[in-house]
Amino acid sequence: MKYDVVVVGGRIGGSISSLFASKNDLDVLMIEKRQEIGVPLQCAEATNEVTFETVGIKPSKRYVCSEIMGADLYSPDGTHFRMTPDNERGFILDRKVFDKHLAIESAKAGTDIMLKTTVKDLIIKDGNIKGVVAKHLGKTMEIEADIVIAADGIESNISRMAGLNSTRRINDICSCIQYKMVGIDVEPNYMQFYFGSKVAPGGYLWIFPNENGVANVGIGIRNTNETAYHYLHKFISNLGGTPVELNIGGVPVSGNIKKTYANGLMVVGDAAGHVDPLTGGGIHLTAASARIAGEVAAESIKSENMSEGFLKIYEKRWKDQIGGLINQSLKYRKVLDKINDDEFNALARFLEDKDIWSISKREWFGLLKESPSLFKLIRALI
(Lines of atoms letter the chains of each structure in order from A and count residues from 1; the text may use other names and numbers.)
(Lines give C-alpha, C1' and ligand atoms only; values in the text may rest on other atoms or scores of the structure.)
Protein backbone atom coordinates (compact mmCIF):
# COMPACT_ATOMS: atom_id res chain seq x y z
CA MET A 1 0.00 0.00 0.00
CA LYS A 2 1.52 3.33 -1.06
CA TYR A 3 0.37 6.94 -0.65
CA ASP A 4 1.91 10.33 -1.14
CA VAL A 5 0.87 11.34 2.40
CA VAL A 6 -0.27 9.45 5.48
CA VAL A 7 -1.95 11.58 8.15
CA VAL A 8 -2.17 10.05 11.62
CA GLY A 9 -5.20 11.33 13.54
CA GLY A 10 -8.70 12.11 12.32
CA ARG A 11 -9.66 15.15 14.36
CA ILE A 12 -9.43 18.77 13.19
CA GLY A 13 -5.68 18.76 12.54
CA GLY A 14 -5.76 15.50 10.63
CA SER A 15 -8.81 16.31 8.53
CA ILE A 16 -7.60 19.79 7.54
CA SER A 17 -4.10 18.52 6.68
CA SER A 18 -5.66 15.78 4.59
CA LEU A 19 -8.12 18.18 2.97
CA PHE A 20 -5.46 20.59 1.70
CA ALA A 21 -3.06 17.85 0.66
CA SER A 22 -5.85 16.19 -1.34
CA LYS A 23 -6.89 19.51 -2.86
CA ASN A 24 -3.34 19.71 -4.19
CA ASP A 25 -3.78 16.43 -6.08
CA LEU A 26 -1.94 14.17 -3.65
CA ASP A 27 -2.91 10.60 -2.78
CA VAL A 28 -3.73 10.87 0.92
CA LEU A 29 -4.64 8.37 3.63
CA MET A 30 -5.93 9.54 7.01
CA ILE A 31 -5.72 7.06 9.87
CA GLU A 32 -7.96 7.30 12.94
CA LYS A 33 -7.55 4.98 15.91
CA ARG A 34 -11.19 5.15 16.94
CA GLN A 35 -14.18 3.65 15.14
CA GLU A 36 -15.86 7.01 14.70
CA ILE A 37 -14.44 10.45 13.97
CA GLY A 38 -15.37 13.17 16.46
CA VAL A 39 -15.78 11.01 19.56
CA PRO A 40 -15.11 11.09 22.39
CA LEU A 41 -15.29 14.85 22.80
CA GLN A 42 -12.10 16.32 24.30
CA CYS A 43 -12.64 20.04 23.84
CA ALA A 44 -14.64 22.94 25.31
CA GLU A 45 -15.72 23.64 21.70
CA ALA A 46 -15.08 27.40 21.51
CA THR A 47 -13.44 29.00 18.48
CA ASN A 48 -13.48 32.16 16.38
CA GLU A 49 -14.09 33.23 12.78
CA VAL A 50 -10.46 32.60 11.84
CA THR A 51 -11.04 28.85 11.95
CA PHE A 52 -13.69 29.02 9.22
CA GLU A 53 -11.65 31.46 7.14
CA THR A 54 -8.64 29.14 7.30
CA VAL A 55 -10.60 26.13 6.09
CA GLY A 56 -12.60 28.12 3.53
CA ILE A 57 -16.05 27.34 4.93
CA LYS A 58 -18.80 29.40 6.52
CA PRO A 59 -20.30 28.96 10.01
CA SER A 60 -23.34 26.71 9.76
CA LYS A 61 -26.13 25.83 12.16
CA ARG A 62 -25.25 22.21 11.43
CA TYR A 63 -22.19 22.45 13.67
CA VAL A 64 -22.46 25.83 15.45
CA CYS A 65 -24.42 25.73 18.70
CA SER A 66 -24.23 29.43 19.50
CA GLU A 67 -22.60 32.68 18.45
CA ILE A 68 -20.50 34.47 21.07
CA MET A 69 -20.32 38.25 21.42
CA GLY A 70 -18.10 38.45 24.51
CA ALA A 71 -17.19 37.04 27.90
CA ASP A 72 -17.87 37.73 31.58
CA LEU A 73 -14.88 37.15 33.86
CA TYR A 74 -15.40 36.55 37.58
CA SER A 75 -12.71 37.15 40.19
CA PRO A 76 -12.36 35.07 43.40
CA ASP A 77 -14.59 37.49 45.39
CA GLY A 78 -17.31 37.48 42.72
CA THR A 79 -16.48 40.82 41.09
CA HIS A 80 -16.93 40.54 37.37
CA PHE A 81 -16.22 42.48 34.22
CA ARG A 82 -17.23 42.00 30.61
CA MET A 83 -14.96 41.77 27.59
CA THR A 84 -16.53 42.44 24.19
CA PRO A 85 -13.96 42.41 21.37
CA ASP A 86 -14.59 44.77 18.46
CA ASN A 87 -15.36 43.22 15.07
CA GLU A 88 -14.74 39.66 16.20
CA ARG A 89 -17.26 36.87 16.69
CA GLY A 90 -16.80 33.67 18.57
CA PHE A 91 -18.64 30.38 18.21
CA ILE A 92 -19.43 27.35 20.34
CA LEU A 93 -19.21 24.31 18.09
CA ASP A 94 -20.72 20.89 18.19
CA ARG A 95 -17.32 19.26 17.77
CA LYS A 96 -18.71 15.82 17.07
CA VAL A 97 -20.57 17.18 14.05
CA PHE A 98 -17.84 19.65 13.05
CA ASP A 99 -15.03 17.08 13.12
CA LYS A 100 -17.09 14.67 11.05
CA HIS A 101 -17.98 17.45 8.61
CA LEU A 102 -14.28 18.19 8.06
CA ALA A 103 -13.54 14.50 7.52
CA ILE A 104 -16.36 14.29 4.98
CA GLU A 105 -15.02 17.35 3.12
CA SER A 106 -11.57 15.77 3.10
CA ALA A 107 -12.99 12.51 1.74
CA LYS A 108 -14.86 14.42 -0.96
CA ALA A 109 -11.52 15.98 -1.96
CA GLY A 110 -10.09 12.49 -2.40
CA THR A 111 -8.72 11.43 1.00
CA ASP A 112 -8.94 7.75 1.91
CA ILE A 113 -9.82 7.13 5.56
CA MET A 114 -9.10 4.10 7.73
CA LEU A 115 -10.92 3.86 11.07
CA LYS A 116 -10.11 1.64 14.04
CA THR A 117 -6.47 1.72 12.95
CA THR A 118 -3.46 2.31 15.20
CA VAL A 119 0.10 3.13 14.18
CA LYS A 120 2.57 0.78 15.81
CA ASP A 121 5.80 2.09 14.25
CA LEU A 122 7.29 4.27 11.57
CA ILE A 123 8.97 2.96 8.45
CA ILE A 124 12.41 4.59 8.43
CA LYS A 125 14.88 4.10 5.59
CA ASP A 126 18.31 5.77 5.59
CA GLY A 127 17.13 8.24 8.24
CA ASN A 128 14.01 9.20 6.28
CA ILE A 129 10.45 8.48 7.41
CA LYS A 130 8.81 6.57 4.59
CA GLY A 131 5.47 5.48 6.02
CA VAL A 132 3.91 3.68 8.97
CA VAL A 133 3.32 0.21 10.34
CA ALA A 134 -0.37 0.08 11.24
CA LYS A 135 -2.80 -2.40 12.75
CA HIS A 136 -6.33 -2.45 11.38
CA LEU A 137 -8.93 -4.81 12.86
CA GLY A 138 -6.24 -7.22 14.00
CA LYS A 139 -4.24 -7.13 10.76
CA THR A 140 -0.77 -5.54 10.72
CA MET A 141 0.30 -3.82 7.51
CA GLU A 142 2.98 -1.53 6.14
CA ILE A 143 1.74 1.66 4.50
CA GLU A 144 4.40 3.50 2.54
CA ALA A 145 4.29 7.27 2.13
CA ASP A 146 6.58 10.10 1.07
CA ILE A 147 5.28 12.29 3.92
CA VAL A 148 3.76 11.48 7.32
CA ILE A 149 1.80 14.16 9.16
CA ALA A 150 1.41 13.63 12.90
CA ALA A 151 -1.95 14.92 14.11
CA ASP A 152 -2.19 12.44 16.96
CA GLY A 153 -2.82 14.77 19.87
CA ILE A 154 -1.10 15.66 23.12
CA GLU A 155 0.49 12.22 23.57
CA SER A 156 1.84 12.12 19.99
CA ASN A 157 3.47 8.74 19.73
CA ILE A 158 4.46 9.60 16.17
CA SER A 159 6.69 12.54 17.11
CA ARG A 160 8.39 10.43 19.77
CA MET A 161 8.93 7.57 17.32
CA ALA A 162 10.57 10.10 15.02
CA GLY A 163 12.98 11.20 17.76
CA LEU A 164 11.45 14.64 18.34
CA ASN A 165 11.34 15.93 21.89
CA SER A 166 7.64 16.25 22.71
CA THR A 167 7.84 15.67 26.46
CA ARG A 168 6.21 18.19 28.76
CA ARG A 169 6.44 18.86 32.46
CA ILE A 170 3.38 17.79 34.42
CA ASN A 171 2.80 21.41 35.48
CA ASP A 172 2.56 22.44 31.84
CA ILE A 173 -0.49 20.27 31.23
CA CYS A 174 -3.95 21.39 32.29
CA SER A 175 -6.12 18.63 33.73
CA CYS A 176 -9.60 19.22 32.29
CA ILE A 177 -13.08 17.89 32.87
CA GLN A 178 -16.35 19.10 31.36
CA TYR A 179 -20.04 18.34 31.62
CA LYS A 180 -22.62 19.18 29.03
CA MET A 181 -25.50 20.28 31.23
CA VAL A 182 -29.20 20.99 30.76
CA GLY A 183 -31.12 23.65 32.67
CA ILE A 184 -28.31 26.20 32.98
CA ASP A 185 -29.38 29.83 33.33
CA VAL A 186 -26.75 31.63 31.25
CA GLU A 187 -26.83 34.61 28.90
CA PRO A 188 -26.97 33.05 25.42
CA ASN A 189 -24.18 34.99 23.69
CA TYR A 190 -21.65 35.40 26.50
CA MET A 191 -19.16 32.94 27.90
CA GLN A 192 -18.42 32.93 31.63
CA PHE A 193 -14.99 32.41 33.20
CA TYR A 194 -14.32 31.96 36.93
CA PHE A 195 -10.89 32.38 38.54
CA GLY A 196 -9.34 31.83 41.95
CA SER A 197 -7.23 29.44 43.99
CA LYS A 198 -10.35 27.92 45.58
CA VAL A 199 -12.28 27.73 42.31
CA ALA A 200 -9.75 26.64 39.67
CA PRO A 201 -6.09 26.76 40.81
CA GLY A 202 -3.67 27.29 37.96
CA GLY A 203 -6.47 27.70 35.44
CA TYR A 204 -10.12 28.66 35.23
CA LEU A 205 -13.66 27.32 35.20
CA TRP A 206 -15.95 28.02 32.26
CA ILE A 207 -19.59 28.05 31.23
CA PHE A 208 -20.07 28.10 27.45
CA PRO A 209 -23.70 28.48 26.31
CA ASN A 210 -24.99 26.15 23.63
CA GLU A 211 -28.69 26.81 23.14
CA ASN A 212 -32.01 26.44 24.96
CA GLY A 213 -30.51 26.21 28.44
CA VAL A 214 -27.76 23.75 27.47
CA ALA A 215 -24.17 24.67 28.30
CA ASN A 216 -20.66 23.27 28.52
CA VAL A 217 -19.54 23.58 32.15
CA GLY A 218 -15.91 22.65 32.65
CA ILE A 219 -12.62 23.36 34.36
CA GLY A 220 -8.89 23.23 33.65
CA ILE A 221 -6.41 23.24 36.54
CA ARG A 222 -2.68 22.85 37.24
CA ASN A 223 -0.39 22.63 40.27
CA THR A 224 -2.87 21.20 42.75
CA ASN A 225 -3.26 18.06 44.82
CA GLU A 226 -7.02 17.92 44.30
CA THR A 227 -8.59 16.68 41.07
CA ALA A 228 -10.39 18.71 38.45
CA TYR A 229 -13.45 16.59 39.25
CA HIS A 230 -13.33 17.81 42.87
CA TYR A 231 -13.34 21.50 41.92
CA LEU A 232 -15.96 21.15 39.19
CA HIS A 233 -18.40 19.30 41.44
CA LYS A 234 -17.88 21.85 44.17
CA PHE A 235 -18.93 24.53 41.69
CA ILE A 236 -21.89 22.81 40.05
CA SER A 237 -23.39 21.81 43.41
CA ASN A 238 -24.65 25.41 43.59
CA LEU A 239 -25.35 25.78 39.89
CA GLY A 240 -28.30 23.52 39.32
CA GLY A 241 -28.82 21.77 36.03
CA THR A 242 -28.45 18.16 34.99
CA PRO A 243 -25.37 16.64 33.32
CA VAL A 244 -25.97 14.62 30.16
CA GLU A 245 -22.36 14.09 29.04
CA LEU A 246 -18.94 13.91 30.69
CA ASN A 247 -15.59 14.49 28.96
CA ILE A 248 -12.08 14.37 30.38
CA GLY A 249 -8.72 15.30 28.85
CA GLY A 250 -5.44 17.15 29.12
CA VAL A 251 -4.34 20.35 27.40
CA PRO A 252 -0.69 21.40 26.85
CA VAL A 253 -0.11 25.03 27.86
CA SER A 254 3.67 25.29 27.56
CA GLY A 255 3.82 26.52 23.97
CA ASN A 256 5.03 24.63 20.93
CA ILE A 257 7.49 21.75 21.01
CA LYS A 258 11.04 22.66 20.03
CA LYS A 259 10.96 21.14 16.55
CA THR A 260 7.90 20.25 14.47
CA TYR A 261 9.47 18.59 11.45
CA ALA A 262 11.94 15.84 10.48
CA ASN A 263 12.89 13.98 7.30
CA GLY A 264 9.51 13.03 5.86
CA LEU A 265 7.48 14.28 8.85
CA MET A 266 5.47 17.30 10.01
CA VAL A 267 3.70 17.64 13.38
CA VAL A 268 0.48 19.66 13.77
CA GLY A 269 -2.07 20.71 16.37
CA ASP A 270 -1.90 19.56 20.00
CA ALA A 271 0.90 17.17 19.05
CA ALA A 272 3.02 20.22 18.15
CA GLY A 273 1.79 22.35 21.05
CA HIS A 274 -0.30 24.57 18.82
CA VAL A 275 -2.49 25.63 21.74
CA ASP A 276 -2.97 29.07 23.28
CA PRO A 277 -1.07 28.77 26.60
CA LEU A 278 -3.29 31.38 28.26
CA THR A 279 -6.75 30.11 27.31
CA GLY A 280 -6.02 26.48 26.44
CA GLY A 281 -7.92 26.99 23.18
CA GLY A 282 -6.38 25.55 20.05
CA ILE A 283 -8.93 25.02 17.29
CA HIS A 284 -7.92 28.07 15.23
CA LEU A 285 -4.20 27.43 15.79
CA THR A 286 -4.53 23.78 14.81
CA ALA A 287 -6.47 24.76 11.69
CA ALA A 288 -3.70 27.15 10.66
CA SER A 289 -0.83 24.69 11.16
CA ALA A 290 -2.76 21.83 9.55
CA ARG A 291 -3.52 23.79 6.39
CA ILE A 292 0.14 24.84 6.12
CA ALA A 293 1.25 21.20 6.56
CA GLY A 294 -1.06 20.00 3.81
CA GLU A 295 0.15 22.68 1.42
CA VAL A 296 3.84 22.15 2.25
CA ALA A 297 3.40 18.40 1.73
CA ALA A 298 2.24 19.14 -1.82
CA GLU A 299 5.17 21.47 -2.47
CA SER A 300 7.60 18.91 -1.06
CA ILE A 301 6.36 16.01 -3.16
CA LYS A 302 6.16 18.06 -6.34
CA SER A 303 9.78 19.14 -5.69
CA GLU A 304 10.73 15.51 -4.94
CA ASN A 305 12.37 16.75 -1.76
CA MET A 306 11.04 15.37 1.53
CA SER A 307 14.14 16.21 3.58
CA GLU A 308 13.96 18.19 6.80
CA GLY A 309 15.93 20.85 4.97
CA PHE A 310 12.87 21.38 2.78
CA LEU A 311 10.20 20.69 5.40
CA LYS A 312 11.59 23.30 7.79
CA ILE A 313 9.61 25.75 5.65
CA TYR A 314 6.53 24.33 7.38
CA GLU A 315 7.81 25.48 10.76
CA LYS A 316 8.80 28.88 9.41
CA ARG A 317 5.34 29.44 7.95
CA TRP A 318 3.35 28.42 11.01
CA LYS A 319 5.64 30.50 13.23
CA ASP A 320 5.12 33.50 10.95
CA GLN A 321 1.35 33.03 11.15
CA ILE A 322 0.65 31.89 14.73
CA GLY A 323 3.99 31.75 16.56
CA GLY A 324 3.77 35.32 17.85
CA LEU A 325 0.33 34.70 19.36
CA ILE A 326 1.51 31.53 21.11
CA ASN A 327 4.60 33.25 22.55
CA GLN A 328 2.67 36.31 23.71
CA SER A 329 0.02 34.17 25.40
CA LEU A 330 2.71 32.11 27.11
CA LYS A 331 4.19 35.32 28.51
CA TYR A 332 0.78 36.42 29.81
CA ARG A 333 0.13 33.00 31.34
CA LYS A 334 3.42 33.04 33.25
CA VAL A 335 2.61 36.50 34.62
CA LEU A 336 -0.92 35.48 35.63
CA ASP A 337 0.45 32.36 37.33
CA LYS A 338 2.06 34.64 39.90
CA ILE A 339 -1.04 36.70 40.69
CA ASN A 340 -2.83 35.81 43.91
CA ASP A 341 -6.54 36.09 44.66
CA ASP A 342 -6.34 39.55 46.25
CA GLU A 343 -4.50 40.91 43.23
CA PHE A 344 -7.03 39.42 40.84
CA ASN A 345 -9.84 40.94 42.89
CA ALA A 346 -8.17 44.36 42.66
CA LEU A 347 -7.80 43.96 38.89
CA ALA A 348 -11.46 42.98 38.52
CA ARG A 349 -12.64 45.95 40.58
CA PHE A 350 -10.60 48.23 38.34
CA LEU A 351 -12.08 46.71 35.17
CA GLU A 352 -15.64 46.32 36.48
CA ASP A 353 -17.12 49.36 34.74
CA LYS A 354 -14.56 49.88 31.98
CA ASP A 355 -14.10 48.97 28.36
CA ILE A 356 -10.84 47.05 28.59
CA TRP A 357 -9.93 47.96 25.00
CA SER A 358 -10.14 51.71 25.71
CA ILE A 359 -8.18 51.99 28.96
CA SER A 360 -5.39 54.57 28.79
CA LYS A 361 -1.87 54.09 30.11
CA ARG A 362 -2.61 56.75 32.73
CA GLU A 363 -5.52 54.65 34.05
CA TRP A 364 -3.35 51.52 34.14
CA PHE A 365 -0.69 53.37 36.12
CA GLY A 366 -3.44 54.52 38.50
CA LEU A 367 -4.17 50.86 39.22
CA LEU A 368 -0.46 50.30 39.74
CA LYS A 369 -0.42 52.90 42.53
CA GLU A 370 -3.22 51.02 44.26
CA SER A 371 -1.75 47.56 43.66
CA PRO A 372 2.03 47.76 43.03
CA SER A 373 2.26 43.97 42.92
CA LEU A 374 0.43 44.04 39.56
CA PHE A 375 3.41 45.74 37.91
CA LYS A 376 4.45 42.78 35.75
CA LEU A 377 0.91 42.17 34.53
CA ILE A 378 0.28 45.81 33.70
CA ARG A 379 3.61 46.07 31.91
CA ALA A 380 2.69 43.01 29.83
CA LEU A 381 -0.75 44.44 28.99
CA ILE A 382 0.41 47.88 27.89
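All positions are counted from 1 along the displayed chain.
Every residue, even glycine, has its Cβ placed from backbone N, Cα and C.
Because the structure is a prediction, the values reported are computed rather than measured.
Following the DSSP three-state reduction, the secondary structure of Cys43 (FAD binding site) is coil. According to TrEMBL, the feature FAD binding site maps to Gly13, Glu32, Cys43, Ala44, Ala46, Arg95, Val119, Asp270, Gly282, Ile283.
Among the features that TrEMBL reports, domain 'Digeranylgeranylglycerophospholipid reductase catalytic' is placed at 172-239. Confidence in the domain 'Digeranylgeranylglycerophospholipid reductase catalytic' (172-239), given as mean pLDDT, stands at 95.
A sphere of 10 angstroms centred on the C-beta of Gly282 (FAD binding site) encloses 25 other C-beta atoms. Applying an 8 A CB threshold to same-chain residues 6+ apart, the list for Ala46 (FAD binding site) reads Ile68, Gly90, Phe91, Ile92, Leu93, Met191, Phe208, Gly281, Ile283. Taking H, G and I as helix, E and B as strand and the rest as coil, DSSP gives the domain 'Digeranylgeranylglycerophospholipid reductase catalytic' (172-239) the counts 10 helix, 29 strand, 29 coil. Gly13 (FAD binding site): 33 other CB atoms within 10 A of its CB, across all protein chains.
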